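Asks: Pulled these from TrEMBL:
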BINDING   His131, His240, Glu536, Tyr579  Zn(2+) binding site
DOMAIN    38-608  domain 'Neutral/alkaline non-lysosomal ceramidase N-terminal'
DOMAIN    610-773  domain 'Neutral/alkaline non-lysosomal ceramidase C-terminal'
SIGNAL    1-30  signal peptide
Amino acid sequence: MAPRSSIAARAGYICVFLFTILTLAATIEAQQNKEANYLIGVGSYDITGPAADVNLMGYANPEQNAAGIHFRLRARSFIVADPAETNNRVLFVNLDACMGAQSVTLHTLARLKSRYGGLYTEKNVIISGTHTHSGPGGYLQYVLYIITSLGFVRQSFNALVDGIEQSVIQAHENLRPGSILVNEGELLGANINRSPSAYLNNPADERAKYTYDVDKTMVLAKFVDEEWGEVGAFNWFAVHGTSMNRTNKLISGDNKGAAARFMEDWYLQRSVEYSILADTKKLDFASDGHREAFHRVQSEQVSHEFYKSSGGKQSTKLSSIMHRVRSPMKDSLKPPFVAAFCQSNVGDTTPNIQGAFCVDTGLSCDFNHSTCNGQNELCIGRGPAYPDDHFASTKIIADRQFKRAVDLFDSAKEQLIGKIQYKQTYVDFSNVVVKLPNKQVIKTCPAAIGFSFAAGTTDGPGAFNFEQGDNQGNLFWKVVGSFLKKPSDEQIECQKPKPILIDTGEMYAPYAWAPSILPISILKIGQLVILGVPAEFTTMSGRRLRDAVKSTLIQQSNGEIGNDVRVVIAGLANGYSQYVATFEEYEVQRYEGASTLFGPHTLSAYIQEFTKLATALVKGNDVSPGPAPPDMVDKQLEFLPGVLMDSTPNGKNFGDVKEDVPANASYTVGDKVEVEFYTGCPRNDLLTEGTYGLVELLDSSGKWIPSYDDDDWSTRFSWYRPKTMSPESYAVITWAIPQTVQAGTYRIRHFGSYKHLFGSVKHFTGTSSSFKVVT
Ligand SMILES: *[C@@H]1O[C@H](CO)[C@@H](O)[C@H](O)[C@H]1NC(C)=O
Ligand SMILES: *[C@@H]1O[C@H](CO)[C@@H](O)[C@H](O)[C@H]1NC(C)=O
Ligand SMILES: *[C@@H]1O[C@H](CO)[C@@H](O)[C@H](O)[C@H]1NC(C)=O
């Protein structure tokens with residue numbers, strides 16, 4: 001980029017700046033005079049699990065083990081309470097995780113119970129996953145979901161439970177008078193259907209009601225504190241977290257996690273601009289306009305906190321100091337803005353919007369089977385940036401969601417008004433008696449998985465290959481594989497036309513392979529109704545469920561609930577039971593049908609049970625709690641070896657630079673700076689709310705100011721061992737210099753920890769030579 005020094009350029013810059021400020025002032029003015037009718041609170045906390053050795057959850061690829069961080073994972077929460085009856089409240093948590101899990105929900109609720117008594121229970125809490133396929137696995141309690149992670153991984157589990165608890169504490173403590181605005185709109189170009197041949201098996205007259213074969217609607221709730229103004233935004237949009245593919249080893253929130261990071265950064269920048277307007281002393285055009293001011297405001301606080309907590313000593317515990325790179329402004333009590341991009345009826349959607357192609361021929365795959373010459377491994381979906389890499393595709397899908405969310409946020413006008421209500425029950429889906437609309441009475445079946453499951457999807461083909469109890473599998477598989485069971489005749493009949501690959505619902509050793517008792521729940525805040533479903537509903541399944549709940553609410557409420565009620569599905573919520581396809585899609589037995597656990601009428605069972613719940617909600621009737629789900633966390637088998645010890649080669653210390661920047665190096669926007677350090681295993685300390693990598697800027701007084709950390713899009717922290725069992729390991733911190741960079745002198749730091757054979761964990765930092773960035 002050429003230096004922007006000409007007077008004309010500067011004048012243009014100032015004009016844009018003033019325009020932004022005026023627009024901002026107008027927007028903020030317009031949005032702060034809604035009457036506060038609820039108590040609202042938002043919170044957010046780091047849930048990044050182990051960044052080494054642990055299998056990433058989603059593709060079930062045994063080779064896809066964590067080896068660093070692209071950006072961090074977070075739990076984002078909102079609480080809404082009735083000011084007249086403050087115990088009447090609902091809590092929604094959005095996790096940058098592949099899915100919510102029964103184990104995590106049960107243990108989080110137990111924590112909340114010991115902290116807050118009966119305020120947050122299974123009745124009024126939804127914990128929903130974004131479905132990123134790049135988060136550490138091993139936190140689910142059922143056997144099938146922890147095979148590739150070598151069983152349970154307690155560190156992954158704890159990172160989730162601890163982080164959710166912290167994010168709820170923040171939301172709870174921020175609870176203050178405010179209002180919620182709701183808005184919705186179409187978002188094109190961010191999802192397509194990956195199983196269109198199954199969708200086409202739905203009745204023609206039903207399909208004719210819709211323009212698209214996936215939902216394109218984004219619904220957004222905007223939270224406005226009476227005094228602080230905007231504090232958060234949560235939206236729901238259905239698209240798989242598979243922009244990063246099955247070869248990625250860096251922890252990542254995928255497209256939704258990235259969209260959330262972009263929107264939170266956008267809001268921070270905007271509020272800094274607004275505060276500059278309010279405080280004319282900071283309006284210092286001579287020093288390069290508002291963007292630099294943004295950095296200044298950001299950094300003053302950071303450096304203060306940083307030096308205070310580290311005390312300049314090498315071995316200080318470094319967790320929890322670095323997140324301040326994006327703290328709210330100094331002197332403000334207002335908590336950081338929380339933006340959450342939540343998952344919905346995600347089942348048959350994909351962000352790989354160019355479609356699926358054969359890697360050998362470049363031709364489209366077989367339409368009905370997603371194969372190339374009969375082989376599923378060769379058929380792979382392409383993201384929007386293809387042939388550019390999956391980071392670029394992730395960014396595009398994230399940007400599209402982020403920008404649409406900003407539009408909906410800025411133009412939201414409709415205020416949520418009305419009662420806060422909720423209903424929840426547990427259902428044993430292995431045995432639900434369902435009365436179909438044609439009066440036929442049928443039953444659901446114990447869980448089972450069909451053959452197409454082994455083939456995977458075009459987002460990650462050929463996932464599982466453990467049909468035969470082979471001796472190729474990992475240790476956990478060797479232990480559990482011998483428990484594979486032949487399905488009973490009754491089960492074969494019940495699941496038809498699904499050919500059964502694994503009869504998970506009839507396998508209980510060493511503990512249950514699949515869930516059968518699952519929670520379903522409804523949270524209602526005025527016109528907004530959120531359905532918590534413990535599965536991935538396909539597009540048409542979601543539409544049928546929403547329609548059934550909406551019409552029940554309207555019919556049963558005697559006119560109290562009108563057509564303006566908005567029903568959204570929160571997917572992968574509170575528990576996980578794979579997919580829910582329609583009866584017609586099930587007949588086709590693609591991946592989604594093969595993964596619909598409880599037989600062809602699974603969706604009908606959900607609709608029946610949700611209709612009862614919705615009726616009870618409007619009538620104010622009690623619902624039976626249903627059977628209690630099992631908590632098997634204490635029985636779990638864990639085969640992932642711990643970190644034995646770390647070491648460095650002779651003459652090297654932890655934190656020493658292995659590959660430095662060249663002497664007197666100078667870089668510009670778009671360049672990549674890379675520095676490598678001797679390090680220890682990241683599993684020694686997750687550095688929660690901290691960072692493994694930091695880019696620092698030298699300010700005019702000679703202080704180093706933290707500017708980018710491992711939660712920034714522009715940085716990557718990669719970690720590797722020279723050999724599989726080696727106690728030595730290396731950290732590579734990469735910084736791709738972004739457009740918005742401020743020119744100056746920089747350096748790169750690494751924070752890590754190591755373990756002696758019988759010793760405790762010790763912390764260290766390492767620092768590169770300084771280098772110049774010119775713009
Ligand atoms: C896909 O399957 C349907 C139903 O069996 C069939 O009518 C159609 O011709 C098939 N399409 C292709 C492209 O093979
Ligand atoms: C995954 O993405 C990487 C980087 O974009 C690409 O090189 C690789 O071919 C992709 N692999 C699969 C299986 O999609
Ligand atoms: C780096 O810059 C310094 C000061 O300008 C100079 O003395 C030194 O020779 C330079 N080193 C290299 C390797 O260019």
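Using N, Cα and C of the backbone, Cβ positions are placed for all residues, glycine too.
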Asks: Taking the center of the Cβ atoms of His131, His240, Glu536, Tyr579 at the recorded Zn(2+) site, which other residues in this chain have a Cβ no more than 8 Å from that point?
Replies: Gln343, Val346, Gly347, Thr349, Gly571, Leu572
Asks: What average pLDDT is reported by the model for the domain 'Neutral/alkaline non-lysosomal ceramidase N-terminal' (38-608)?
Replies: 89
Asks: Work out the three-state DSSP category of His240 (Zn(2+) binding site).
Replies: coil
